[in-house]
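Visitor: This structure is in structure tokens; I'll ask about it shortly.
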Amino acid sequence: MSRKIWVFDTTLRDGEQVPGAKLNLYEKLEVAHQLKKLQVDIIEAGFPASSAGDFNAVKEIAMKVGDTDNIMITALARAVKADIDAVYNSVKYAEKPLIHMVLGTSDIHVEKKFGKSKNQILDIGVEAVKYAKTLLPEVQYSTEDASRSEFEYLWSTIEAVVKAGATMINVPDTVGYAVPEEFGELIFKLNDRLKNLNEKVLLSVHCHNDLGMATANTLAAIKNGADKVECTVNGIGERAGNAALEEVVMALNTRSSFYKANTNINSKEIMNTSKLVSSLMGLDVQVNKAITGDNAFAHSSGIHQDGLLKSRDAYEIISPTEVGLDDMELVLTARSGRHAVKNALGKLAFNQLTDDQFEEIFADFLVLADAKKEVYNHDLYIIVEKYFERHDMNEEIHHHSENFYELLDLQVISNTIFPSASVKIKKGDQIFKSSTTVASGPIDALYSSIKEIIDIDIKLLEYKISSVSRGKEALGKVKLQVEYKGEKYIAKATDTDVIKASALAYINAVNSIIVDNLMPEINKEPIAQSL
Ligand code: KIV
Ligand code: ZN
């Protein structure tokens with residue numbers, strides 16, 4: 001039988017502790033609304049005693065997001081009256097409020113941080129819980145640095161605070177020191193004693209990622225009886241971050257027969273949440289990050305693409321659609337093998353090529369892929385059309401490439417008053433020029449100029465620039481996402497000139513839209529019928 005695991009999201013508290021990631025009230029509210037869509041069980045909305053701004057944000061979230069009994073709203077307090085009051089006065093507006101307090105249990109915390117005896121600290125914790133219970137029925141007690149605490153003292157603390165009324169006990173691996181086997185054993189022993197003491201009290205874990213084991217430790221805890229997990233979106237948080245919500249949730253979903261546990265998370269909202277948190281906090285997601293990284297579902301090697309085309313489960317354990325992404329798309333690069341290129345050509349209706357024809361086209365593909373890094377469908381059209389031209393077979397093909405745009409030249413001027421841009425773009429035999437003078441920045445000017453020529457109503461959803469090599473010859477990579485008639489298109493381009501890469505990425509996106517809108521015609525009348 002599958003157990004329900006509670007998901008406590010601390011993106012807005014532990015996650016917000018990342019330097020530079022502070023959000024304003026409206027941004028916090030937006031993230032909290034998205035966490036509600038994701039269906040987390042508890043949102044930790046902040047640390048209200050830290051500032052008036054944080055207090056107000058927690059209060060707004062309690063009022064506007066906690067207006068239902070499907071979700072609990074909490075915030076963090078130290079085990080002192082003023083902090084507990086601040087939490088109570090901000091979360092009390094929620095339908096289901098919770099007070100969360102933290103106090104260390106390791107010798108390092110008790111003796112070095114507080115300079116007190118273990119008994120003194122234990123008494124402070126008990127008194128704090130008793131006080132919190134006069135305010136709200138639900139109180140969580142976190143035994144900070146639990147994984148480095150002496151076991152019997154840790155247990156006496158838990159026993160005492162449960163007797164004082166704590167309804168959730170959180171066991172943090174505050175410094176990411178634990179290893180899965182040891183942490184699992186700790187949770188097993190604590191859970192055994194806790195459930196004998198009071199079976200209604202939830203046992204929770206909060207793992208940090210200093211040794212890269214936050215997710216593994218969290219899962220080991222679940223395997224050993226933990227009822228609740230504390231996580232953040234994209235694994236952000238203090239230092240190396242916290243257990244990533246998406247990793248824990250997808251591990252439980254994908255390996256359900258092993259863990260025999262499930263969450264209430266709507267996994268289809270994972271990517272939306274990840275993107276929102278990343279863009280509002282200005283924290284890029286590592287490209288190879290499990291589940292939410294750009295490459296998490298991208299298959300690039302020829303061997304893998306070939307295997308996937310034969311049977312998806314050869315290299316895919318999670319369908320991208322499960323986390324809210326579009327279905328699998330094989331990115332064509334110089335490493336793609338013949339099978340992937342043939343498959344892409346087939347989808348464009350070039351599906352009756354002879355072996356010799358395909359080999360010549362594949363050789364052209366490799367030359368272009370080396371130069372361009374990623375090859376798009378419109379590039380494949382151009383390659384095939386050039387092949388037809390070379391072999392005097394022009395009449396046998398529709399000339400779709402005359403619908404595609406090509407950047408010929410550009411000039412962009414950045415200044416504080418009127419950033420401006422001029423572009424020269426080719427479409428078939430026609431050459432267009434345009435200039436924009438009023439814009440909010442050089443990229444806005446550039447895209448406005450391109451838009452004046454390209455008469456397609458597209459909306460830019462995301463624009464990301466990153467460096468892919470170092471030194472004077474460093475390449476800048478631009479990745480963007482646009483929307484056209486409700487469909488989303490991702491395009492990239494790489495160049496030593498990031499402005500040029502920005503223009504090329506935009507034109508790649510436009511050409512992808514054009515290809516998609518040519519498809520119905522192609523499906524009716526295959527281009528390569530005569531081959
Ligand atoms: O890492 C930690 O110990 C914490 C507690 C407040 C739970 O963040
Ligand atoms: Zn933490």
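Note that Cβ sites are derived from N, Cα and C of the backbone, with glycine treated the same way.
TrEMBL labels come from automatic prediction, so no person has curated them.
TrEMBL lists Asp14, His206, His208, Asn242 with the feature Mn(2+) binding site. Under the heading domain 'Pyruvate carboxyltransferase', TrEMBL lists 5-271. Residues or ranges marked as region 'Regulatory domain' by TrEMBL: 406-531.
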Visitor: So which of the binding-site residues Asp14, His206, Asn242 sit close to ligand 1, that is, with a CB under 6 Å from an atom of it?
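Guide: Close enough to ligand 1 are Asp14, His206.
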Visitor: I'd like to know the mean pLDDT over the domain 'Pyruvate carboxyltransferase' (5-271).
Guide: 98
Visitor: Per DSSP, His208 (Mn(2+) binding site) is which: helix, strand or coil?
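Guide: SS state of His208 (Mn(2+) binding site) = strand.
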Visitor: Can you tell which of the binding-site residues (His208, Asn242) has the fewest other C-beta atoms within 10 angstroms of its C-beta?
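Guide: Candidates: the binding-site residues His208, Asn242. Fewest Cβ atoms within 10 Å: His208.
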Visitor: Over the span of the region 'Regulatory domain' (406-531), count residues by DSSP class, listing helix, strand and coil in order.
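Guide: Breakdown, helix to coil: 39 helix, 50 strand, 37 coil.
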Visitor: Would you list the other residues of this chain near Mn(2+) - those whose C-beta lies within 8 angstroms of the C-beta centroid of Asp14, His206, His208, Asn242 - in sequence order?
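Guide: Nearby residues not in the site list: Thr10, Pro172, Thr174, Cys207, Asn209, Ala214, Glu230, Cys231, Thr232, Gly237, Glu238, Gly241, Ala243.
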Visitor: Count the Cβ atoms, other than its own, that fall within 10 Å of the Cβ of Asp14 (Mn(2+) binding site), considering every protein chain shown.
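Guide: Here the count is 23.
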Visitor: Just to be sure I understand the packing, how many Cβ atoms besides its own are within 10 Å of the Cβ of His206 (Mn(2+) binding site)?
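Guide: Counting Cβ neighbours of His206 (Mn(2+) binding site) within 10 Å gives 29.
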